[in-house]
């Protein structure tokens with residue numbers, strides 16, 4: 001390796017993002033579709049957030065966490081889609097090295113926060129259904145704020161570790177990223193130095209950020225299911241399950257696409273399947289979450305109706 005390259009750590013000053021499609025006609029279609037998806041996602045999540053803020057009936061721990069999830073969804077799609085739309089308009093596919101690292105940092109910050117927040121929401125449902133008598137004590141406003149603050153701290157630490165570790169790699173050759181945003185698997189493939197330590201860090205982080213929360217969510221819902229099945233009233237069981245169904249759907253979508261995206265490290269070059277998973281992670285999931293949480297929730301539907309028609313709550 002050239003000594004000058006080793007001294008500068010990296011000779012690559014910018015990356016080229018291939019994007020989703022290469023033909024100009026399809027790029028126009030992609031621009032319209034993703035602009036629409038972005039507007040729908042931001043509008044839907046901000047509507048959920050507004051409904052939670054203005055409706056007293058929704059001032060509960062479950063909806064406090066849902067409001068934070070809406071903020072994360074807006075942030076997640078904003079980190080990736082607007083920059084992609086700007087490149088489609090300008091027909092420039094390059095992104096500076098530092099901008100790529102910045103995008104990667106915020107993406108992993110929000111994704112890590114998502115992991116912990118979904119775990120906190122499962123814990124909230126466990127307390128509400130399995131420990132109803134002590135629910136208000138164990139899920140006070142101070143506890144809610146602490147749980148969210150800890151989630152942000154852990155997500156920030158995870159993202160910072162990955163970003164700092166990435167700066168130790170040498171990029172001295174190809175700079176073409178086969179994706180529409182910067183992420184670790186694609187950047188690892190472009191490094192001309194060993195990525196073993198980085199992949200080990202990602203593996204350890206995945207165990208802590210994904211596997212452990214998923215186990216806790218599974219254990220929580222196993223106990224919730226056992227408690228709900230003991231309810232004699234069919235209406236009571238349906239009501240209890242309905243409060244958990246939306247969250248479980250979001251968990252399955254989030255972890256299903258996330259695990260698929262990172263379980264094939266070192267398996268070769270990026271493929272179009274990786275791009276499809278990336279679209280699910282950054283666009284489809286944030287867009288579906290407001291729909292999932294409002295579709296079977298009459299309280300949220302009523303609150304949204306009041307927000308849009310301007311009527312005050314009767315409670």
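Quick reminder: no glycine exception, Cβ is built from N, Cα and C everywhere.
Please treat TrEMBL annotations as automatic predictions, because they have not gone through curation.
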Feature transmembrane segment in TrEMBL, mapped to one of the ranges 3-28, 29-54
29-54
For the feature transmembrane segment as recorded in TrEMBL, pick the matching range from 246-265, 266-285, 286-305.
246-265
Report, as numbers and ranges, every residue of the chain located at least six residues beyond the transmembrane segment (29-54) whose Cβ falls under 8 Å of a Cβ in that stretch; write 'none' if there are none.
19-21, 63-64, 66-67, 70-71, 73-74, 77-78, 81-82, 84-85, 88-89, 283-284, 286-287, 289-291, 293-294, 300, 303-304, 306-308, 313
